[in-house]
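Report on the following structure.
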Amino acid sequence: MSGHHRTEISRRGVLKGATALGALGLLAPSAWVNPARAAIADGEVLTGSHWGAFYAKVEGGKWVDVRPWEGDPHPSHQLPGVMDSVMSPTRIQYPMVRRAFLEEGPGAKPETRGMNDFVRVTWDEALELVTGELKRVSDTYGPTGIFGGSYGWKSSGKLHNCQSLLRRMLNVGLNGAFVNSSGDYSTGASQIIMPHVMGTLEVYEQQTVWPVVVESTDLLVFWGADPVRTNQIGWTVADHDGYIGLEEFKKTGKKVICIDPWRSHTAKFFDAEWIPIRPHTDVAMMLGIAHTLYTEELHDADFLDEYTTGFDKFLPYLLGETDDTPKTAEWAAEICEVPAEKIKELARLFQSNRTMLSSGWSIQRQHHGEQSHWMLVTLASMLGQIGLPGGGFGLSYHYANGGAPSANSIVLPGISDGGAAVEGAAWLTEAGAASIPVSRVAEMILNPGKEFNFNGKTQTFPDVKMVYWVGGNPFAHHPSTQELIEGWKRLETVVVQDFQWTPTARMADIVLPATSAYERNDIENVGDYSARAIVAMKQVIEPMYEARNDFDIFADLAEKLGARDKFTEGKDEMAWIKGFYESAAEQAPARGIEVPGFDAFWEVGIVEFEIPEENKQFVRYSDFREDPLLEPLGTPSGLIEIYSKNIEKMGYDDCPPHPMWLEPIERLGNGSKFPFHLDTAHPNSRLHSQLCGTKLRDTYTVAGREPCLINPADAEARGIVDGDIVRVFNDRGAILAGAVVTDEIRPNVIRVSEGGWYSPAAGSEAGTLCEYGDVNMLTVGVGTSSLAQGNCGHTALVDVEKYTGEAGDPVVFTTPAEG
Ligand code: PGD
């Protein structure tokens, strides 16, 4: 495998902004190159992925090597796994149908889902079956019988967005008669509470850029954030420019603090001060800091006056006037296990330095997660540095390279879900049943007709009988796998379309093999925040086995539903891609840049854009700070809402109108019989569950299982040594994992990354012991609160013991038997 070394950014030999046209002028006018011919020619093909842009080396029609794009300042070590995912044994090769479903009909023997007993069928048979089920379920159960709100990280690319394509097919083919979903599993709580507090989603917004942080921030705090690990991936094609900022900041030698139960990659990278907080107690710690600031008169009263509303309503709570509990550093220390003196020291340190509080999303992906970022904003408001260079707070430095300065670029549109064209869709939405907050999927299937609250509205769960999942892996991502297993039993039909035999595919009735992103053509922006290039995601190899593009599968289904033309709009793959590029190119004159024509762009494969100097100076909320009247926030008051009248009106017990410490359903130190908190943060060598089926797994598994980090004191007390197979369990379920004994994790916390594929023992019914390490066997299924109904993927107390029973090889990494 060649070159995963770092590449100097100055070595970029690629076209830049306005110079692009000139350089292209030197090229001979390009005739249209048949993408299939390009794909099978030997040589290197430039393409893009969540892990970055890279060259795929092709020999004799086979993909044999991978090399990062030279414009990538910090290539991900996961690229070899990306290549392997295309040919791994976990590849879905043919359309398959669960035997009992095929032989006995929809809904037959649901307990055999997950037992890997499939029958191979032809594409024709498979598509007939799917169309038949779409019609039958919709005719029998009406417009809310089918769930098409399928969620997941899919692959990059503006055309082959399988989730939009699924909904497009349901919109044009069934006139929108399906249940959709809103929100995501990443920021379920924050993306609902932040608009009430800051007037924006906040979590997906550009941050004060790294050059400003490097220059002006004195103290950089990572509060439950690990950008060195998590910036490997992006939603579009990762640029990795955030690493330039991290490295520049490191060179300054300025102070970095990591508040985290684990000594993270970032803590090690900076040799930061590590504050090993007890999980789920961050709000208490923030309150302790806030109380110190107030009582020591270190808070910025002028900032609170001018830029916020409701501090006066929050203060009596902080001081304990409303509940007889002053939120002192000592009170906080009891809860969070950070010494009171340290909490006070932090208050003084934050106040006396230009401090950037950079938070990740784990502290909101938990029960009552809404409070965490609300309290962080309140704390930052008391410090009064929001809108100053290098001060305030940031909720996206750890994601997709937030804080990397933005280029003066054009932005691509993508395939639409076709919803706008659906006649009669309005009545569905009005019925309030057409969409659910995404992480309520198991609750929905199990509780048709049940009322639930969501951000001020009361809605009713529909009665879903058929699920169609693409581009996601709920049997890895959904907290409380058991609830999903129970829910699945209520379903008559499950269709899964993927290129990997994921646990979700194994739980399906009809499995359709999709192409991977490297067996088709597409186009994508590079850099979610920097948007510094557009890359042609050229097809690397011909589709393997019988895999077909999601676009073609859905076009065929639309045809069978009488709506092919509405689905394709008469355009094929390359016509769509060209259309997206040309529509983006229309933005160029207004931005004062020139871009090559489509054919020239496709030939070269990438176009890069300049980053203007002023974008290297961007300070989030500086406009608001300069003039809060002319540049108000999008909140009802135009100010930062420490107290929200809108939330007050909703009257939720589990989300009061100002930030509060609310006991989570489970946490350490609150009388549970389970002595460990399970930290389920994102993996270092996977993207959620993607690449779990590849050779990359061999680089991190322990005894063939997902690693389980455990503190030496805890391990010793249980007779566990490094390399042991351990059983992690609670009343909800049990998983096997491989012990890694390390003092990089604090006592009473163990860490198993999310995204491990769920693997019940061979031939056993789903819901039993998972032999690999799907943490969601152990997490709670409740929503964060009535406000956001986000997922609580980090909420789980467990016990752990040395495992002495039979431990089979996880069956999930083999190809299911074919009848
Ligand atoms: P992925 O592994 O990315 O996980 O959950 P998500 O379902 O997004 O799944 C994507 C699937 O899409 C893979 O099976 C892949 O093979 C398939 N796929 C990729 N490309 C294509 C394509 O072109 N066509 C088709 N048909 N399929 C394709 C992630 C979710 O997990 C997220 S975003 C978060 S933030 C949550 N994190 C946690 C957590 O921290 N802790 C816990 N306990 N649980 C979590 N769950 C959530």
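Glycine too: its Cβ is placed from the backbone N, Cα and C atoms.
The feature Mo-bis(molybdopterin guanine dinucleotide) binding site is assigned by TrEMBL to W153, R365, N473, H477, R520, D550, N776. The DSSP secondary structure for H477 (Mo-bis(molybdopterin guanine dinucleotide) binding site) is helix.
As annotated by TrEMBL, domain 'Molybdopterin oxidoreductase N-terminal' applies to 47-86.
The domain 'Molybdopterin oxidoreductase' annotation in TrEMBL covers 91-560.
The domain 'Molybdopterin dinucleotide-binding' feature in TrEMBL is assigned to 676-794.
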On average, residues of the domain 'Molybdopterin oxidoreductase N-terminal' (47-86) score a pLDDT of 97
If you count other C-beta atoms within 10 angstroms, which of the binding-site residues R365, H477, R520 is the most crowded? R365
Listed binding-site residues (N473, N776), ranked by Cβ neighbours within 10 Å, top entry: N776
Need the DSSP three-state call for N776 (Mo-bis(molybdopterin guanine dinucleotide) binding site) to compare against my parser. helix
For W153 (Mo-bis(molybdopterin guanine dinucleotide) binding site), which residues of its chain lie six or more apart in sequence with Cβ-Cβ distance below 8 Å? H50, W235, G471, G472, L687, H688, Q690
Per DSSP, what is the helix/strand/coil residue tally across the domain 'Molybdopterin oxidoreductase N-terminal' (47-86)? 8 helix, 18 strand, 14 coil
